[in-house]
Every structure is written in C-alpha cells, then in structure tokens.
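I have a structure I would like to understand better, so I am pasting it below and will then ask my questions one at a time.
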Amino acid sequence: MSWLFGYKSQVSPQGGDGGPEPPGPPPSSAGSAGQMAGDANLTKAERKAMEAYRFDSSALERAAEAARTLERSKHAREALELSKMQENTRQQEYLAKVKEYEAHIEASKVEHKRVDHEERRKTLAEETKQQQQRAQYQDQLARKRYEEQLAQQQRVQEENLRKQEESVAKQEAMRRKTIEHEMELREKNKMKLLEAELRAKAKVDRENRDLTLEQIRLKAEENRITVMEGIKTAGSVLGQGATALLTDWNKVVTTVGGLSLLALGVYTAKGATGVTARYVEARIGKPSLVNETSRFSLLEALKHPIETVKRLKHKPTEALQGVVLQPKLEERLRDIAIATKNTKNNKGLYRNILMHGPPGTGKTMFAKRLATHSGMDYAIMTGGDVGPMGRDAVTAIHKVFDWANTSRRGLLLFIDEADAFLRKRSSEQISEDMRSALNAFLYRTGEQNPRFMLVLASNTPEQFDYAINDRLDEMVEFTLPGLEERERLVRLYFDKFVLQPAAEGKKRFKVEQWDYSAVCSKMAKMCEGMSGREISKLGVSWQAACYASEEGVLTEQMVLDRCEAAARQHRQKMAWLSEQEKLDHKSITGGKGFLTQ
C-alpha cells in the first residue's frame, strides 16, 4: 500500500518491486526554492539533523486524494484484494528466497565439511605413506647394517681360515721337509752300509777264489760219474727185463691184458665222470651262462657260507620298497608283483615280461625285487655271452632251461641285453650259430611254464625278432627320472653317501654346515637328463672329493663342482652318440619313471 502514502518503494535486496506510484500535486516552487536557499546556509551536520525532523505533507495529501478516489471507484474492493494478493505473493517469494539462501548456506556448510574431511583423509594417507616409507627406509638401513655385519664376520672368518690354512701349510711343509731330510739321511746310511757290505764280500771272494773253483770242479766230476753209472744201470735192467718178457709168452699175455683193462677203466671213468658232472651241473651247480642266481647250490654254499646263511634268513620284502618312480609306472609294477606272487602261490602259469628303456633305470633291480617278493629264485644271464660260444650256444641254452625246470620254488630267468642274440632273422645279418641259438630259445619258450618266468631287458626293443615279441605277455617302459624324481634321488644318495658316513664318524670325513635342502634342489635341476645310475655315481664322487681334500671336510662348493662335472660329462657322452645311436635311444630324453634302492 505504499502508493497510497505517496512515496516510491525501494527495490528490496531480494529483488522485490513496489506498486505504481500515482501522480501527486507538484510541490510549490517558491517553497522549494526557499527551502533550498535555507539549506545552503547550513552545515553538513545541521542538514542531517534537519532532515530527521522534516515532514513532507504532500505525501499525505496525495494519499488522502487517492483514498477518496479509490472509495469512489466501483473497483475499490477488487483493487484492495489485488493489492493484498500482490503483497502476499511478494512475502512468499521473499520467504522462498530466504529458504533457498538458507539451503545454499547449508549446502555450503556440507561442502565445506566434505572438503575438510577429504583434506583430513589426504593428510592421514600422506602421513601413513610417510610413516611406511620411513619404516621401509629404517628396515633397509637395518638390513644393510645386518648384511654389512655378516659380510664383516665372513671376511673375518675367511681371514682367520686363511691364516689357519697358511699356518697348517707351513707346518705341513716343515714336516715334509723334516721327513724328506730323514729319508735322505736313511738312504745315505743304507747306501754306505750296502757299499761296505759289497766291498767286504768282494774282498772275501777274491781271497777264496781258488778254493771256490776247486770245489766246483770236484762237484762237476762227481755229478758226471753218478749220471754215467745211473745210465749204465738202467740200460742193463731194462735190457734184461725186455729179454725176459719176450722169451716168456705168459708174461706177454698178462701184460697185454693188463694194459687193455687199464684202457677200459680209464675210458669208463671218463664217461662216468662226464655223466656225473652233467648231473651235478643240472641239479646242484649252475649253468655256465648264468652269471648270478639266488638259487641254493652246494658249491656256492661251500664257497660263500656267510652269504648263503644270510640269504636263507632273508625274509620276503615289498617289491617296490625304497623305490622312486613315476606314479603310473609304480601302480603297474605293483599289479605285476601281486599277480606274480599269487601265480606262484596257486601254481599257475607265469607270464613273460619285457622291460625296456635307457640303461641305469633299475630294470635288473626290479627283477630281483620281484623274485624276492614272490618267493621265487632268480637267475641273471647276459645276451652278450651267447654269441662268443659259437656252436656250443645251443647246448648252453638247453642246459639253462633244463636247470630252470628243476627249481622247486619257481625261477625268474632274467636275460639282460637280450637283443644281443634275439635279433630279427629277416633284416639282420646273423650267423648260423646265432640263428640256431635263437631257434633253440624259441623252442624252449613256445608255451608258458609253471616252473619259470621269463623276463627280458633291452635298451633297443625294436631289434627283437617278431617271434620273440609274440612270446611276451607284458611290456613295461622304464624312463629317465623327472625333476621331482631327480630331487628325491639326490636327497637319497646325499643321505646315503654323505650324511650317514659323517654321522658314523668315519675317519677323514666331515661335512660343513650349509642348507642341504636348497643345495639338493639346485643339483636336481643341474642333473637334467641323467639316469639313476649316474646320480648314484655322483654320490660316490662326493665321498671321493671329501677323501681327496687335505682336511677331510666336504664343502658346499665341492659338492656343486662335482655335480657340475658330472652334468658336463653326461652332455659330452650324449654328444658322442652317433645318429644311429640317437635313433636307437629315442627314449633317453623323455619320461619321469625311475627305480632305485
């Protein structure tokens, strides 16, 4: 309602605007001029004081006039209502702007808190990072100090060890010089003594020379006379005996009959001895082709009584006890061992087995274990022994099988390097003697036997004759050990050849302290491609290195050097193989299975 009182409303800080101002009567010019003239003579402070008490009546007049005009108008009530509504609208807009401003202030506070929280979080993160870096730096410093201390201790120990070695070397040199000087003095004394003895002997010989020559002549004369008398006596006796024999026919007949009976006795004794020898060889001894057997024989018992007693007391063991091999191969060999044992207990027919693979993978050892586990005897022969026998090979093979058939417990006949005489007859150039030996072997193995079990071993099974392959019931491949098997083998032989002798306190055999487990794992990687036999020889070389050292102490570097040398020698052996040998040994580089004690 500001327009009713004749003043113009100012724009509010929120952007509100007043209503229209009605025109009022213009102020008097004379009054205005006088007022302005009077105000000009006042000071600034007096003008401000006067403005506080000044009242413009024209505004009231305009308001009264407007009220009268509005009362006379027929739209007075509507204008009043409209005026109220506008005033309410402006109040609502003002309240809305106030709330919006308050919301903006709250949002600003929230944003400020969020920014403050983010800054605190960043500050905490930075402090945490700084603390971690500080801790890492302190840890690095501590580790560096510890490493420096270890290095210093190691240098001190090396220096002490070097001084001790130098002292020992000096003492050893002095001892050697003393011993050499003593030996030199002893040698000089011996030479002087020998020279004196020779001089004395030569002097005696010169003085007794005439007497010695006279004694020699007398002995020669006596010997000549004695020989001549003996010849004359023998001639006269033989002549008289021959004359008496020829003149008496009864003596002649008696002599001829005696000589005939003597010849008959000699021939009969020779034949009986041959028959007896063959019987003893078949029943008591062993054939010439068999190199090793667990079968009891009287001759072997007499030669080796202690070993025979141990063998009789030996109890059957598991076929795979102490064996390192691939799980699938282990399962298959265990099935073969169980089947063989049950076949022996039930007196069934044995199955023939071929074991092939690189050398040194445990074929012979498993055959012995299989026989011992099954309660059978075993016999080992080599195919290379058949060829040099020539025509006698056929007879020797028949003797082996006749001897095998006499076993009461059952015999496991193991033929190592069987491809040496069981080669292909169609493509290989073999002699007639080898062909006859092969035919004899085929004849004796044509049917399965409840008396003996045939086990063949070969590195090149592709060279077997087809008829030999037809007689095989089971074929097992023994391959080189993998990484896990090599590590187990290295640990096994390290314990067997190094730790156990050191623990037993053998002379000149000590082991330094180091991480044995880590070194064994490292050596297992270095021994890639090596067989179990080569790893076993590596264990023996560790002992040799310890025995060859001056102090008799085995160090980590010595063990690694021996392992590196063995790996280098293995690579050299593989490089020496010809192309045909590499084709024949295709299985050398593959597989993981292996057997060992």
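The backbone N, Cα and C atoms fix where each Cβ goes, and this holds for glycine too.
Look at TrEMBL and you will find 29-40, 130-140 tagged as compositional bias 'Low complexity'. Positions annotated as compositional bias 'Basic and acidic residues' by TrEMBL: 109-129, 156-175. Feature annotation from TrEMBL assigns domain 'AAA+ ATPase' to 349-482. Residues annotated as region 'Disordered' in TrEMBL: 1-45, 109-140, 155-175.
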Just to be sure I understand, if DSSP states are collapsed into helix, strand and coil, how many residues of the region 'Disordered' (109-140) fall in each?
32 helix, 0 strand, 0 coil
Please list the DSSP helix, strand and coil residue counts for the domain 'AAA+ ATPase' (349-482).
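Going by DSSP assignments, the domain 'AAA+ ATPase' (349-482) contains 56 helix, 29 strand, 49 coil.
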Averaged over the domain 'AAA+ ATPase' (349-482), what pLDDT does the predicted model reach?
88
Kindly report the helix/strand/coil residue split of the compositional bias 'Basic and acidic residues' (156-175) according to DSSP, in that order.
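So the compositional bias 'Basic and acidic residues' (156-175) is made up of 20 helix, 0 strand, 0 coil.
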